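To start, the structure itself, in structure tokens.
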Amino acid sequence: MVRTTRQTGRHATRADGGLTLVELLVVLAVAAVLLQAATLSFAAWLQRQHLLGVSAQFNADLQSLRAAAVTRHRILRLSFQDTPAGMCYLLHSGDVDACRCAADPQSEPQVRCMAGTELLRAALVPVSRRIRLQSNVASLRIDPRHGTVTPTGSIDVTTTDGSSALRHVVNILGRVRTCAPGPRFTGYSAC
């Protein structure tokens, strides 16, 4: 709006082309809201990547255990043990309780096995990663003759807040089917 002053007859204009304090505060408020939304979205993406990494590592460990059982001509096991530091899974020979897992403060698995038991791998999914690994069986036994698995089982890899989850369903032939038990997970069919 242009005003005419009485004394000089000239038009009064704004001297500077800057922003008012109110305009600046509105821009800052909008930027803060967008930054918070981006931060939450990045955190969710990062958590999902952790979940996918743990899931892929578990699947690779299970497949390598099947291959090892067949090539070594020995019964091998995948055993699950819950510790205060997180879920530990062990790839070993022998009975179900032949190896025991405990975690030290640095979240490294400390494994003790009975004499005659061979430990192939120990993995710990620490609580600090905010990923939980749960199994409906204590141990999976791999038969060396055909690579079959008994008992069949399901292993869930979930975020601690429950926002994302993947389920590995192991059938008797040792094949693993991965699906999403909860909310839609892009790239995986629903369970």
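Keep in mind that glycine also has a Cβ here, set from the backbone N, Cα and C atoms.
Taken verbatim from TrEMBL:
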TRANSMEM  21-46  transmembrane segment
DOMAIN    57-174  domain 'General secretion pathway GspH'
Message = Under 8 Å between C-beta atoms and at least six residues away from its ends: which parts of the chain pack against the transmembrane segment (21-46)?
response = 163
Task = Summarise the domain 'General secretion pathway GspH' (57-174) by DSSP state, stating how many residues are helix, strand and coil.
result = 19 helix, 58 strand, 41 coil
Message = Averaged over the domain 'General secretion pathway GspH' (57-174), what pLDDT does the predicted model reach?
response = 90
